Amino acid sequence: MLDLKFIRDNLDLVKKSIKARGLVLDIDKLVYLDDKRKKIITQIGELNAKRNENSSKMRENLDNVFKSSLMETGKILKKQLIDLEEELKKISFDFDLENKRVPNILSPDVPIGNSEEDNFEIKKVGVVPKFDFKPKDHLELGRDLDLLDFDRAREVSGSKFYYLKNEAVFLEIALINFSLNKLREKGFDVFITPDVAREFIVDGIGFNPRGDESNIYKIESTDKYLVGTSEITLGGYYYNKIIDLTLPIKMAGFSHCFRKEAGAYGQLSKGLYRVHQFSKVEMFCFCKAEESQVIHDEFLSIQEQIFTELEIPYRVLNICSFDLGSPAYKKYDIEAWMPGRDGKGSYGEVTSTSNCTDYQSRRLKIRYKDQDGQNKFAHMVNGTAIATTRVIISILENFQDEKGGVRIPKSLVKYTGFGYIPFKN
């Protein structure tokens, strides 16, 4: 969430961010609720002072008539306090609800737009493969190479689940090890994170749906959720702590990710592209306010290194305002070339990285001391290192050959133990 003083001092800027994101939110209502809340708090303070004064007088040596009058006054004051405290409770609930809905402000260079066509393409890297045969999509390759089974998974678990089989199992593990080793070499602390988080941590990270439907699964009769990303559990690691940010704290977390993906059907969402469960390695950083932009660019650079070493053609996008989550000040996506996508080949999202400034740390009470010894809220940056399912799509589709097999990128061979997946009759 944003600092309330900042909101009051920059109402036009905050309203501009809300409008650019396509959100419906009455920021003036938030200011009104805050004013009303403060007024009630002042009234409660004044009534408590009167009540204390009344109680002090009752301890004096008084005649019965005056004492009875003071007792009656005390009852009235108590009733007024109870009513005001109940009103404060309701106003505070409404205020907190509205306050949490206010999104982060936007970086000045975020493209303003309401569709993916408004994302700004920064660059393209790599050569899109040209085949002298009709290429298959990853579903055909998964069947012909005995790597994927959606049919049995549908029977066992439902739609949008899958079995990885044979070489695909080692390919996923190789991608995880490849990315974790790279991040460890770059100074990240490496974690396997919980796949479950408490509701207040999920809320603190700011997973606010645009509508009424959350994209993550709640565990029935608990205050816990299955995580949609280890951003949630890494971000909550220092909940309510004052941390030492002499150097940025960089973390890499492996987790399974669970997402409802309600309504995500159609040609562009088929197969492994949009599923209910997948494995991912996430980058996360806690840093000082003045460092977050540099860290954000560093995360993008690491993502580019990963896909360059995987030999996968990709493009980098500066994401438009409408497609930013509430916590994000700025976001980059990398989209990899997928020859089987949309029947003719197109780019599909494989990573994102977001600078969330202090939006999440305010909710989670994560602070550091500046050079003057003052507590400041940490800035938080996140980014995908590897989301295995979509990278598997990219590898299968880009490196298939006329024999029906698939070459493994050289950077992965030492992790897979094989360099080629042959066609299976």
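In case you wondered, yes, glycine gets a Cβ from its N, Cα and C as well.
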Candidates Thr357, Thr384, Thr388, Thr389, the one Swiss-Prot lists with Thr229, Ser230, Glu231, Glu282 as binding L-serine: Thr384
Shortest C-alpha distance to Ser352 (ATP binding site) - which of the binding-site residues Ser230, Glu231, Glu282, Thr384: Thr384
Candidate binding-site residues Thr229, Ser230, Glu231, pick with smallest Cα gap to Lys260 (ATP binding site): Thr229
Glu349 (ATP binding site): tally of other CB atoms within 10 A of its CB: 16
Set of same-chain residues at least 6 away whose C-beta sits under 8 angstroms from Glu282 (L-serine binding site): Thr229, Ser230, Glu231, Leu234, Ala252, Gly253, Phe254, Ser255, Asn382, Gly383, Thr384, Ala385
L-serine site, defined by Thr229, Ser230, Glu231, Glu282, Thr384: further same-chain residues with Cβ within 8 Å of the Cβ centre: Ile232, Leu234, Gly253, Ser255, Cys257, Lys280, Val281, Met283, Phe284, Asn382, Gly383
